[in-house]
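Colleague: One structure, pasted below without further comment.
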Amino acid sequence: MFPHRVSHLSKLFSRRFPNWKRKVQTDSWSNVPEHIHSKIGRNLFQKEGHPICSLRQLLEQQFQKFEMNNVQKESPIVSVETNFDSLGFPKTHVSRSKSDTYYMNNKTCLRTHTSAHQPEEFSRLAKEGFKKNGFLITADVYRRDEVDSSHYPIFHQMEGALVWNRNDTAKMKNDLKKVALSPSLKSMVDDETTALETHNDMQDIYSLEETKFVSQHLKDTLTTVIHDLVSLAPSISSGAEQVRYRWTYDSFPFTKPSFQLEIDWKGKWLEILGCGVVQDRLLKGAGLNNYIGWAFGIGLERLAMILYGIPDIRLFWSLDERFSKQFLPNKISTFKPFSKYPACFKDIAFWINNDFNPNDFYEIIRDVCQDMVESVNLIDQYTAKSGKTSLCYRVNYRSMERSLRNEEIDKLQEKLRNRVANSLRVELR
């Protein structure tokens, strides 16, 4: 991926992360850059008072009545089999690409979702004799992505699941009645997913009645949890704003049917979470025979940006006390921006080859410039008569913590140009 680094990684050797205790064998698949290495072990979801930690704690409180195991997964290193194969991802799935996933080597990677731990936690329920009805997993996850104010290569998810024995229909019906009594369900909700029988998106092993029960329990529960959480935001609790929700269909390899919950926030529909009825093969593989259940995954940064009014996802990783001292544990408060430093725009244009992937370009920018780039936008695309294609990107340099000097930016831009040319084998213009 980055030839000037991979050349010395092709020979297996042990590498110890700066913030991690575990030795990892690397090979030609290794594509984890230093700016990612340095953040492993920061564990923002355990840092008391940090918005991500507070959001985790508030969500755990919301789900407390369901008697679930609360799990925090510190090590992000998982096997490729755990991250993809066990959940039913096809071998050709785009998310397996080195342009999408950070690989330690050809057999291990940095988890791309908390769903990687579902099989392990389902097995735990069975081994412990169903002392708990489900689980909540919180962890940091890693994906190569674009550069802007709402995307970052490391973010945090909470995964949750709840199961029932299919023979205990009385408990299933009673549980549904309980969640259906929630006054939060009176909030404005549009549901486009009621006609499951006509959508042809059910598992053959489950009856229509079972599928409808689990789907409704899932939607009622999550609507209540998210509504009650969002109501803690100062702008909502004061009555200054109203919130609407809607359910739509989605698709995931490990749930069927699958849904997503969206929130109408300031006139724009935003996806808050994905969820669905757990695939029976996952439950059986974990020793949960004749069980049915639901699962969901929430991106904590997306929710925190809404609730706290945090405008830039980079701020979650800031060490600036002007950020960290604004927040108290288990409390949602509105972020107060500190001085916004001036921006500086620099353009970079190049002729691409057939192997070019934008995520590889974005990764180089993050590795060279760290968190000093606010956004990267494609501003021009041109195809010559020869068939060659040229792209021009605008790089917006802006630090969250200090003013950047012109000479500093010029040096970064020159370093970036050299890395792009050498690593991506493109022709600079």
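Cβ atoms here come from the backbone N, Cα and C positions, even for glycine.
Annotation comment: Swiss-Prot describes Ser115, Ala116, His117, Gln118, Arg143, Ser150, His151, Tyr152, Gln157, Met158, Glu159, Glu271, Phe296 as substrate binding site. Marked as domain 'FDX-ACB' by Swiss-Prot: 339-429.
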Colleague: Please compare the binding-site residues His117, Arg143, His151 by how many other CB atoms fall within 10 Å of each one's CB, and tell me which has the fewest.
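Modeller: Checked His117, Arg143, His151; of these binding-site residues, fewest Cβ neighbours within 10 Å: His151.
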Colleague: Within 10 Å of each Cβ, count the other Cβ atoms, then let me know which of the binding-site residues Ser115, Gln157 comes out lowest.
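Modeller: Each of the binding-site residues Ser115, Gln157 was scored by Cβ atoms within 10 Å; lowest is Gln157.
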Colleague: List every residue in the same chain as Glu159 (substrate binding site), at least 6 positions away in sequence, whose Cβ is under 8 Å from its Cβ.
Modeller: His113, Thr114, Ser115, His117, Gln118, Phe135, Leu136, Ile137, Thr138, Ala139, Ala295, Phe296, Gly297
Colleague: Mind computing the max CA-CA distance among Ser115, Ala116, His117, Gln118, Arg143, Ser150, His151, Tyr152, Gln157, Met158, Glu159, Glu271, Phe296, which the record assigns to substrate binding, rounded to whole Å?
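Modeller: With Ser115, Ala116, His117, Gln118, Arg143, Ser150, His151, Tyr152, Gln157, Met158, Glu159, Glu271, Phe296 as the binding residues for substrate, the largest Cα distance is 26 Å.
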Colleague: Any idea what DSSP makes of Ser115 (substrate binding site), helix, strand or coil?
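Modeller: DSSP assigns Ser115 (substrate binding site) to helix.
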Colleague: Using DSSP with the three-state reduction, classify Arg143 (substrate binding site) as helix, strand or coil.
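Modeller: Its secondary structure by DSSP: coil.
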Colleague: Let me know the model's mean pLDDT on the domain 'FDX-ACB' (339-429).
Modeller: 94
Colleague: I want to verify one value. Collapsing DSSP to three states, which class is Gln157 (substrate binding site)?
Modeller: strand
